[in-house]
Amino acid sequence: MHILTMDDLTNEDMLQLLHQAGIYQQSIEKIPDSYYAANLFFENSTRTKSSFEMAQKKLGLNVLSFDAQTASIQKGESLYDTVKTLEAIGVDVAVIRHGEDRYFDQLEGRVKLSIINGGDGMGHHPSQCLLDLMTIHQEFTAFKGLTITIVGDIRHSRVARSNAMALKRLGAKVQFSGPEAWMDGELLEMGNYINFDKAVEVSDVLMMLRVQHERHAFGQSFEKAEYHALYGLTAEREKRMPIKSILMHPAPVNRGVEIADELVECERSRIFKQMTNGVFVRMAMLKFVLQKREAQKHEFVN
Amino acid sequence: MHILTMDDLTNEDMLQLLHQAGIYQQSIEKIPDSYYAANLFFENSTRTKSSFEMAQKKLGLNVLSFDAQTASIQKGESLYDTVKTLEAIGVDVAVIRHGEDRYFDQLEGRVKLSIINGGDGMGHHPSQCLLDLMTIHQEFTAFKGLTITIVGDIRHSRVARSNAMALKRLGAKVQFSGPEAWMDGELLEMGNYINFDKAVEVSDVLMMLRVQHERHAFGQSFEKAEYHALYGLTAEREKRMPIKSILMHPAPVNRGVEIADELVECERSRIFKQMTNGVFVRMAMLKFVLQKREAQKHEFVN
Amino acid sequence: MHILTMDDLTNEDMLQLLHQAGIYQQSIEKIPDSYYAANLFFENSTRTKSSFEMAQKKLGLNVLSFDAQTASIQKGESLYDTVKTLEAIGVDVAVIRHGEDRYFDQLEGRVKLSIINGGDGMGHHPSQCLLDLMTIHQEFTAFKGLTITIVGDIRHSRVARSNAMALKRLGAKVQFSGPEAWMDGELLEMGNYINFDKAVEVSDVLMMLRVQHERHAFGQSFEKAEYHALYGLTAEREKRMPIKSILMHPAPVNRGVEIADELVECERSRIFKQMTNGVFVRMAMLKFVLQKREAQKHEFVN
């Protein structure tokens, strides 16, 4: 059992995960048996890595430290051989982040440990998606009837892709906004493009994406101030948002670019709430995967 | 509740911490509840980091690994946002070392987790100070009446600053020695400058500071051998020390510079004893902070 | 009590370790007391480091994280002072890998913590040796009468050195094969050189060594394909191996160089089995060292 993309989960699975995450929010129940987890982050992401590690420790899993920067993979070892090694030494579940799109295609069906995708290239990021779903569900208790606008660099965003698909499957209306050059033809089949100044007035959820300095040479197409003026949440725009609507962002926020500095922790911001939920959702994912795994083992035995 | 500088502690707090550290020296008592600690070291310091981690593990805390070198802070995230993230995912206490003087000013009053300062720029280093106090207290059972000389790069030393202040508050007589160009006007208000050859004869404690190759271009002002001849503890000088006086150093020692190689582990050296005490003192600090925190939580509840 | 080279172990010790490793393979028994381990890897080796860490965690040891890359040793601290520091803060057993041959000579007799050698320069690698012995013993239940051929870069291999000596002591016949320029005069006193095409037909165990790109400039003496044709296990050669003979490799394998890609996981390959055994053997080594240590402590007390 792996969780690689949101397609690995039925709508029922998703709701079950949100339910379990909600239980973990109330109180932590440790997993009885001794399981071993390893986190393989070939791209930097302290936030996601720390969150998974916290989830693992709260569950009572043993966590093997693994520094992908100094790993044998630097000696030319393939990802398959690295993962197979972890399997051989007794790792039950590996969380992997890797810069290559669908890195997991070379692993699926060939390894016995479970894989949770911590982000692949410009592809998928299911744990971020689930924590966003949890945050929205906590707020509105349903997805049907909600209008959610995803704003920013749609084309290069794992978050945009996973979220748009999952939200649509669960019945929400998804829209996109931001620089038109950053839109994505395939994703636009799932929702319309909407002018940002209109979006702030009609959305239940504004989901702002990080402008990735790493991918875009700022100054070429946009200056920071210009981006903020055109597509950032300014104090003026925040005032025009509907009364119960909320503001989300996967973080880290470029303060003063996507969102005005003073609005990052405003009343309708759920940005730090998202991080807190991230731990509970990841606990639910780990439990889900390990339970399926245990069930499969018993099947093999009988 | 934070411990950022020695000013955060009353004399009573200090003595209570030393008492608690002494108890931990006798036997380890685990903290009952599940607390989570993270160590954020933006400057290299294996010694202090390992010591805090050992203290956390001996207490039974969960320790989140955090590699500041690959952290999101590298993507331009502020220290505030990084710490806020750790708070959001459930960290109770963060130990932070940072190159910037008073980095904690941007955090105080804005975060709910507790911070223990593991060293800020050329400012403060309270855990080092407390372990030095513990080592002196074990030896002499009091501070009043003691003469303590701090020797070396007074101006750039966190250790000198914290120790001089705390020792004076506790009633000891503090003196400074070393190259006159490395003295510090503000600190000299707390004690006199004394010629090193005189200091070795009248001090109960010689507290040698590390010559920081990182900060001083050796060879410019001093050659190593020249420093040793002028301000280092040579075999000849050691013989002139009073019978019960002791030798301290925050380590790592530049053997043959501050202290002759063969004296690093001599009978009056407490250098490795200081490291051992460091774990007990840090356990006491962690317990102190977490207990105050717990007390505050209950206040909020009632 | 240290384990630095295979010479630190009698034949009885070795067999006892294999026996204990076999018990750990059946079920894990935790060590009752609270021990602290640290892994100091000054050379990259994710595989060995992860395996030791897994062994430590399965035993219930506390593991102190230690990043040798950012350690104080970078400030010029000696290995002795680093290890002495770990001892001072309470570490019971340190696993050390270091690029210098016999780095442990500067430590032996001077430190109280126990050292397990995780590999020194081109010298020794006892845990790899023991896991190889375990794998062979599992297969053939004895060493006497076995013919084992070690193939490849004999001269630069810690594995070759440790294994040849231990296997010979336990009664096996050891042979060497591979490029003649890579043979080693001293080791050849322990066994004959044999033509590789002959070796595949007469060996119970083919122990292939990694071609170390790090040490050899490929393309100078051998092209990869040429090495494979001359000294690699091809499909054709594998067919000529005796029916019950097995294939071993310390990994990571250069697929298509030492071994044809499709043979790495063939039926007679024990390569991933070796990794699994590595955890059990390291558990046995840790227990062995800690028990001797405990016995010595009690001797001191009485």
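The backbone N, Cα and C atoms fix where each Cβ goes, glycine too.
Now, the feature entries from TrEMBL:
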- A:2-138: domain 'Aspartate/ornithine carbamoyltransferase carbamoyl-P binding' (DOMAIN)
- A:Arg47, A:Thr48, A:Arg97, A:His125, A:Gln128, A:Ala251, A:Pro252: carbamoyl phosphate binding site (BINDING)
- A:Lys75, A:Arg158, A:Arg210: L-aspartate binding site (BINDING)
- A:144-288: domain 'Aspartate/ornithine carbamoyltransferase Asp/Orn-binding' (DOMAIN)
>> Long-range neighbours only, meaning 6 or more apart in sequence with Cβ under 8 Å: which ones does A:His125 (carbamoyl phosphate binding site) have?
In response: A:Asn117, A:Gly118, A:Gly119, A:Arg158, A:Val159, A:Ser162
>> Please report the distance from the Cα of A:Arg47 (carbamoyl phosphate binding site) to the Cα of A:Arg210 (L-aspartate binding site), rounded to the nearest angstrom.
In response: 14
> Near the carbamoyl phosphate site, what residues other than A:Arg47, A:Thr48, A:Arg97, A:His125, A:Gln128, A:Ala251, A:Pro252 in the same chain have a C-beta no further than 8 Å from the centroid of the listed C-beta atoms?
Replying inline: A:Ser45, A:Ser51, A:Gly119, A:Pro250
>> Quick test of understanding: given the binding-site residues A:Arg47, A:Arg97, A:Arg158, A:Arg210, A:Ala251, A:Pro252, name the ones whose C-beta is under 8 angstroms from chain B.
In response: A:Arg47, A:Ala251, A:Pro252
> Can you tell me how far the Cα of A:Thr48 (carbamoyl phosphate binding site) sits from the Cα of A:Arg210 (L-aspartate binding site), in Å?
Replying inline: 15
>> Mean pLDDT for the domain 'Aspartate/ornithine carbamoyltransferase carbamoyl-P binding' (A:2-138), rounded to an integer?
In response: 90
> At the level of the C-alpha atoms, what whole-angstrom distance separates A:Pro252 (carbamoyl phosphate binding site) and A:Arg210 (L-aspartate binding site)?
Replying inline: 7
> What does DSSP call A:Thr48 (carbamoyl phosphate binding site) in the simple three-state scheme?
Replying inline: helix
> What whole-number distance in angstrom separates the two most remote CA atoms of the carbamoyl phosphate-binding residues A:Arg47, A:Thr48, A:Arg97, A:His125, A:Gln128, A:Ala251, A:Pro252?
Replying inline: 17
> Among the binding-site residues listed here (A:Arg97, A:Gln128, A:Ala251), which has the Cα closest to the Cα of A:Arg210 (L-aspartate binding site)?
Replying inline: A:Ala251
> Where DSSP helix means H, G or I and strand means E or B, what are the helix, strand and coil counts for the domain 'Aspartate/ornithine carbamoyltransferase Asp/Orn-binding' (A:144-288)?
Replying inline: 59 helix, 23 strand, 63 coil
